[in-house]
There are 2 protein chains.
Amino acid sequence: MATGRTHRPATRSRGIPEATVARLPLYLRALTALSERSVPTVSSEELAAAAGVNSAKLRKDFSYLGSYGTRGVGYDVEYLVYQISRELGLTQDWPVVIVGIGNLGAALANYGGFASRGFRVAALIDADPAMAGKPVAGIPVQHTDELEKIIDDNGVSIGVIATPAGAAQQVCDRLVAAGVTSILNFAPTVLSVPDGVDVRKVDLSIELQILAFHEQRKAGEEAASEADAVPLAAKEAGKGPDGDVPAVMPA
Amino acid sequence: MATGRTHRPATRSRGIPEATVARLPLYLRALTALSERSVPTVSSEELAAAAGVNSAKLRKDFSYLGSYGTRGVGYDVEYLVYQISRELGLTQDWPVVIVGIGNLGAALANYGGFASRGFRVAALIDADPAMAGKPVAGIPVQHTDELEKIIDDNGVSIGVIATPAGAAQQVCDRLVAAGVTSILNFAPTVLSVPDGVDVRKVDLSIELQILAFHEQRKAGEEAASEADAVPLAAKEAGKGPDGDVPAVMPA
DNA sequence: CCTTGTGAATCCTTTCACAGCG
DNA sequence: CGCTGTGAAAGGATTCACAAGG
């Protein structure tokens with residue numbers, strides 16, 4: 001969805017479509033579950049159901065990786081787990097730093113899904129001096145002043161931004177300057193980065209707004225009121241209780 | 001991305017493309033910022049830059065909503081804010097419940113972006129009896145036993161699941177049975193829901209995995225032609241060539 | 001037989017480029 | 001003029017449906 005702006009036309013090697021890449025982690029998770037239950041093989045139909053997609057799509061996706069299945073039988077679970085992991089770059093482990101240790105940052109630090117998938121939280125960084133030294137998820141928080149040194153010492157190329165919106169671009173710039181080339185942004189802001197740097201964003205309130213759109217549709221399903229003229233009374237001014245708790249701020 | 005499976009072919013009224021719907025919140029945020037700075041009008045070019053998209057796309061998106069701009073001038077900020085809010089269903093407010101008040105649930109409860117956008121956290125629900133009554137973000141946590149009553153009393157139609165993966169489907173089923181028709185799922189599981197219920201998921205580790213994929217590509221970039229301009233300071237965090245190959249190989 | 005792998009058809013999204021209008 | 005609104009072209013992604021192969 002939101003990778004860095006116009007990078008090169010298409011990575012030449014074996015261009016795997018972006019939509020397929022986005023689904024590989026899904027397949028990987030379903031396969032891992034099967035693997036844990038010692039299921040030896042799985043058909044595209046079964047795996048697709050477990051991953052919540054349809055089987056034709058899954059087969060097409062796998063066809064970009066190569067021919068890893070056996071006709072009449074299905075896919076070898078262990079082998080596929082390995083191939084997808086390798087394709088995603090998860091056979092090595094990636095040190096990541098999390099910047100902004102509010103509620104959300106702490107949640108991320110504690111999130112088991114990172115560690116179990118080849119990601120290692122190398123450091124937690126926060127601008128609040130009072131946080132410095134305090135352990136979160138067993139890792140001591142370090143002050144922002146150390147950012148460049150931390151990136152450099154740990155060879156970090158992936159950074160997670162969980163600061164308030166106002167601080168995000170600044171943090172981003174420092175991360176990039178220090179050598180980070182992939183950023184996962186939880187702050188509700190558009191980050192601008194130089195070419196070659198990938199940014200993905202997760203925006204909590206946007207997801208809810210999309211749901212609200214569909215919810216509204218459902219509500220007005222029968223007796224479709226075409227009657228809404230245009231009150232224009234945009235009294236919907238930016239409301240009050242904004243500046244409270246940290247984590248992430250609204251726009 | 002992940003709305004409920006195949007519901008009706010397309011909402012007949014004025015079918016706004018899904019891709020457009022997903023961008024409306026982005027525009028809304030940029031417009032709100034302009035509104036706060038009392039900017040009266042904005043061109044598609046400027047607004048597109050602020051939202052991080054290109055201007056042709058933005059104009060096409062707006063064209064699905066109607067003709068709200070003025071040629072030679074641009075768009076009236078206040079008016080657009082209102083139109084988009086209305087289209088997204090944000091002129092009413094939506095009571096939501098958050099189930100699973102761990103680190104992530106607490107972060108969500110504290111997240112200002114919800115309240116400021118027409119969403120009201122009606123209740124926090126957790127299965128741990130020890131949490132019951134404890135206030136988080138000023139709202140007392142209630143026990144799961146109360147779930148159905150809470151949904152009913154508050155007329156909640158949107159639920160947020162922030163429980164561990166193992167509990168998610170069960171919670172989902174109860175929410176749906178109680179009348180919730182839109183679910184935002186943070187648990188790393190595929191939820192199955194009946195037709196007519198929308199599910200969107202936010203998966204923290206999937207985003208990182210996608211970044212890792214691209215990061216890996218960048219690392220293998222040099223050695224080939226085009227000396228990319230990107231310093232690529234990544235320090236080669238140890239790591240032999242190809243991790244260990246797992247036991248099973250293909251037939 | 002059964003299930004994969006894949007051309008071809010279809011559908012959706014983005015981009016182009018310019019006519020049309022304030 | 002400048003900027004919107006939009007047909008038309010281009011590019012992706014998804015689905016179909018079936019030949020190929022164990």
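Every residue, even glycine, has its Cβ placed from backbone N, Cα and C.
Feature annotation (TrEMBL): of A:26-65, A:106-145, A:146-185, the stretch labelled DNA-binding region is A:26-65. Annotated by TrEMBL as region 'Disordered', the relevant range among A:192-221, A:222-251 is A:222-251. All protein chains shown were included, and the count of other CB atoms within 10 Å of the CB of A:ILE101 (NAD(+) binding site) stands at 27. Helix, strand and coil counts under DSSP for the domain 'CoA-binding' (A:89-190) come to 40 helix, 29 strand, 33 coil. Filtering of the binding-site residues A:GLY100, A:ILE101, A:ASN103, A:LEU104 by Cβ separation from chain B (threshold: under 8 Å) yields A:ASN103, A:LEU104, ordered along the sequence. For the DNA-binding region (A:26-65), the DSSP counts in helix, strand and coil order read 30 helix, 2 strand, 8 coil. It is A:GLY102, among the binding-site residues A:GLY102, A:GLY105, whose Cβ has the fewest other Cβ atoms within 10 Å in the structure shown.
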